[in-house]
Every structure is written in C-alpha cells, then in structure tokens.
Amino acid sequence: MSLNVKLHPSGIIFTSDGTSTILDAALDSNIHIEYSCKDGTCGSCKAILISGEVDSAENTFLTEEDVAKGAILTCCSKAKSDIELDVNYYPELSHIQKKTYPCKLDSIEFIGEDIAILSLRLPPTAKIQYLAGQYIDLIINGQRRSYSIANAPGGNGNIELHVRKVVNGVFSNIIFNELKLQQLLRIEGPQGTFFVREDNLPIVFLAGGTGFAPVKSMVEALINKNDQRQVHIYWGMPAGHNFYSDIANEWAIKHPNIHYVPVVSGDDSTWTGATGFVHQAVLEDIPDLSLFNVYACGSLAMITAARNDFINHGLAENKFFSDAFVPSK
C-alpha cells in the first residue's frame, strides 16, 4: 500500500506504506518536518490534519482544543489514507543525512559532581554534517541516549556533549564511572529540527541546565558567521555554583550584540543576580516578544511554561522553537 502525504504550504509530497509513523515516513524520504523527541512527549511534531484519515496513538500532549482543530503528532500517527497536513518543512536540512559513526572518547572533563563535558573524535574520513542546535544519539554497550551537540560545525571535527548526572541513571553511571579515554563508542545523527532560522529578527535563547549545550552551538555558529542580530541569552540553574561555563559572559563582553543573563531558581544567599523562573526573567526584561524568535532548550515543564507565557506576551506561536529534554523510556 502506497499512500500520498502532501504538506502545506510547501506542496511537498512523499509516500507512506501506512505501517510507519508519518514522521518516520517523511524522514525516510529525506523530508524534514519538525520534530524532537519522537515519542509523543514534547509536541514539537504537532501538525494539522487538513484531509484524510490517520491512526493516532494516545498521548498526553494534545489538548481537547488541539484535537478539535485537527491537530496530530506525526511521531505517533500513521496514515490510513492519502492525507494532507499543515506542517513546517525545512529544506535547510535536505543535505544532511543521519548516519552511524564510530568515535573515540578524546577527553572528558568533570565539573562539580554532576556535569561531564565529553569530546568525541571521529575518524578522519568521517565528516559529520549538522546544523548548530541538532542532537545525536550516543550509543554505549547497546544502549543509547540523546544529547545535543554543544559545539558549532567545523573546528577540529570533534563532537562536544554536555551530560548531567542522573541519580540511579544507567547511562550516567557508565559516563561518570566507567568511560575510559580512547574508548570506542558510536553516535547516530544528526537529528532534530532545532536550529537558527535565517531571518533578521532578534533572538532570545532560553536554556535550563545542560539545555545550554545547543545554545552554545548556535551562538558559536552565529559568531562564526559574524551574524549581527541582537542575541539575548537566559540560562537558568538552581544555584550560582551550578553554572558550569563562563563562555556566555565572555561572548557578552566581546560582542556588543550579545546579552547574557544567568538566572538562579533556588535558594542561594550568595547570588546577587536574577532569580526565579528563567522564562520569567525574560519577560521582566522583554515584556513584548512580538518581534522576536525564541529558541528554548530544557525540561518539558520549562518549555511548556515558557511557550504559554511568551505567546501571552505577543510571541507568534510559529516563532517559538524548542528542544525538550524528556526522560528516557
């Protein structure tokens, strides 16, 4: 069975056999529509069903209002007939192919008790192409976890990852207690549609915890291109000592168009900077977001709260781009 899937407003058409999800069918055809977690948790792949029938698995993301408007999640919906969808399509990703690469652990730096900075070296013949902001799956002993790439494309070709220690986490235990330098690993990627769009709007980057990793990659890429858009970086952590890098402050000092506000959400008597929820700090400084693009990376709770509050403060819904960290299943 071959079913046609037509995308609006791009007019792109691809086929599905009806057994794979709409998202997988699109990616198999090298058609890049919006997605992130691929398991129905984050909602990035939300689309509007214009015509046709789909079989959708249950999910907790879509509201009754979403369903009434014809919204589906392409990562957990399968076509039952020819269908037409209103969904974002990104030709910028058409030249990028997801592959599995061997790599070695070139270096690992532990910062405090719960952050590890990994640098992975690929073979000289393996040239991974990605856009700043995308993520990879790290594969160790047959298990995999998704991590955002923390460095811009280019440089020495290494892949930088920021990993937070998770209590009783199987993968955390491997990374923090078992990994050895030069150990052979594998990565699969790049993946995701989290990248900076090419327009002239000023940018708000919103990061929670190691959600700073893709922000670092995207800002580095903007600096490398001498992009002069106004950039506002807000990075939230529970306490002042949790900030594991000072590079954002260095950017702000060196580049007049880059502005940085670290935000502490917990009880920290030594902290003299911004406090509270990181997205609320944005609204205190920029109460009208109607002329901004927002890129947010962090917990699903942070992403959801930021999206709702930012839209209530003028942000166009299609100007909010996110990559939510969701627990492994």
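From the backbone N, Cα and C atoms, a Cβ is placed for every residue, glycine too.
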Site co-member for [2Fe-2S] cluster according to Swiss-Prot, given Cys37, Cys42, Cys45, out of Cys75, Cys76: Cys75
The domain '2Fe-2S ferredoxin-type' (2-93) - residue tally per DSSP class, helix then strand then coil: 18 helix, 31 strand, 43 coil
Among Cys42, Cys45, the one of these binding-site residues whose Cβ has the fewest neighbouring Cβ atoms within 10 Å: Cys42
Binding-site residues compared (Cys37, Cys75) - highest count of Cβ atoms within 10 Å: Cys75
